[in-house]
Amino acid sequence: MSVQVVRQSKFRHVYGQPEKKEFCYDDIRVTKSSWDSMFCSVNPKFLAVVTEAAGGGAFIALPLNKFGRQDKDTPIIAGHKQSVTDIQWCPFNDNVIASASDDCTVKIWQVPDGGLFINMTEPIVTLEYHQRRVAFIQWHPTANNILMSVGADHKIVIWNVGTGEPLKVIDGHTDIIFSAAFNYNGSKIVTTCKDKMIRIFDARSGELLEKGKSHEGTKSARAIFLKDGSILTTGFSKMSERQYALRDETMLDDPIIMVEVDTSNGILVPLYDPDTSVVFLTAKGDSQIRYFEVNMDQPPYVHYINTFLSSEPQRGLGYLPKRGMDTSINEIFRLYKLHGTGKVEPIHFLVPRKSDNFQADLYPDTASDIPALSAEEWWNEKKDANPVLISLKGGYQAKSAQTLQVAKKSNVLDKMPSKGGAAGGGAVNDADELDGVPEAETNGNGTTNGTKHSLSPDSKLAPNLEDSAVVTELQDEVKRLRKMILSMDKRIKALEEKQGIKPGSVEDGEASTKQNGAH
């Protein structure tokens, strides 16, 4: 009779391999902010890193293949008045990124293919509702243009980026929110709070579905949904020992397991791959990355695999979506480690296999860059759907840039009800109310990512308000174009000075165009 001593798993021998120096990124002025964020976001096209900036908040967006030392005058995205706290690429448009800031706003930016040539200061849309710092943001996993922002004002706001309007404000916390995350299909949100409670909300209605005790320590805790609906949390014990726990969403007070990791100070952040059920636990300031496999059929359910060790601690981490993996080397996860020296180092996590063929068991169909639902289907029709899946066999081909067009609506804060009825005399529906504040919608068509969506025909504004909104939009567009022209003019003059060309000395403008094109 044979006794199985070692647990069988195809991920048992996964190991981390740092990228060679020539394929790293250097001289990036990584932010020195102590805010509890990873300051990095990656997709198959771009690497974005929050940077140090004078007079406001900024970050860079580099093409993923732009390795090596970065110029000091590398163009940045700088539109926030205060420090940037979080950045997240849109899962359905690799050229669109959202940024949150201490200035209480969330801004949406569109980066052209090939990266930036001049500084970008004008966002596509600015989302304003929070009264204090916006701490974290997360895109909806299946619905297009739906974004969640978490503020230090104890509020969670669900946005429709395509219209620039807040759809729902979830106001069920009495203290600072430590984390918030959607479940696999985006129908629920799990949060952790300073009051040591875990809460589960309905993402559309904001209804509190479940509530239970979190970790007993006073430091920050994190929580994420796993693909099967269970919840993984990280936090601290009363003795400040770092822990992770696995919980059933219907019995949050009674963890299935709770394991003490060590006594370090860094807040453990879980990074989860739903395709392989592998979880990575790491923290800012750590020089190690632990990874585990979650298997609900084999106790103790969260199985330790290995630890990746390095000599330098990380200031932040970003992880690449599964569709960006290199299947030829059996890569199942890739992290981008921010060093305090300004270096960004990719780390590949590989499964050793003798065959060079595509390993179907390592790469089940994964979430694609195609949304399963439109914003209107998710919000108005109350539909839920799992992500649209694609096969990685043959490799993933990134789509060309798609323009995000915004049909901006007035902020809900500007639509307070009057004593005589709705502001402006417009009709108001119960469905358009947001926490007791009626919201009037413009009557027309909005275009989002090239797809036309009809706005509610019941929402009407008086003609003079509609004309005023059009004029304001045109004036804003003119201002944006003027700023862009001035920025390009300054860039041309700087390039001419580098080449020793006197401004305006080149005849007919043709030679000047050739000189600038040579740069």
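Heads up, residue numbers simply count up from 1 along the chain you see.
Each residue, glycine too, has its Cβ placed from N, Cα and C.
Note that the structure is a prediction, hence the values are computed from the model and not measured.
Per TrEMBL, these features apply:
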- 4-68: domain 'DUF1899' (DOMAIN)
- 77-111: repeat 'WD' (REPEAT)
- 127-169: repeat 'WD' (REPEAT)
- 170-211: repeat 'WD' (REPEAT)
- 417-467: region 'Disordered' (REGION)
- 442-451: compositional bias 'Low complexity' (COMPBIAS)
- 495-519: region 'Disordered' (REGION)
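Non-local neighbours of the repeat 'WD' (77-111) in the same chain are 31, 33, 35, 37, 39-46, 48, 50, 53, 56-61, 119-128, 130-139, 141, 144, 147, 149, 151, 159, 161, 321, 367, 369-371, 398-399, 401-404, 406, 449; each lies 6+ residues outside the stretch with a CB under 8 Å from one of its CB atoms.
Averaged over the domain 'DUF1899' (4-68), the predicted model reaches a pLDDT of 92. Secondary structure of the repeat 'WD' (127-169) per DSSP, as helix, strand and coil residue counts: 0 helix, 25 strand, 18 coil. The DSSP breakdown of the domain 'DUF1899' (4-68) into helical (H, G, I), extended (E, B) and coil residues amounts to 3 helix, 24 strand, 38 coil. According to DSSP, the secondary structure content of the repeat 'WD' (170-211) in residues is 0 helix, 23 strand, 19 coil.
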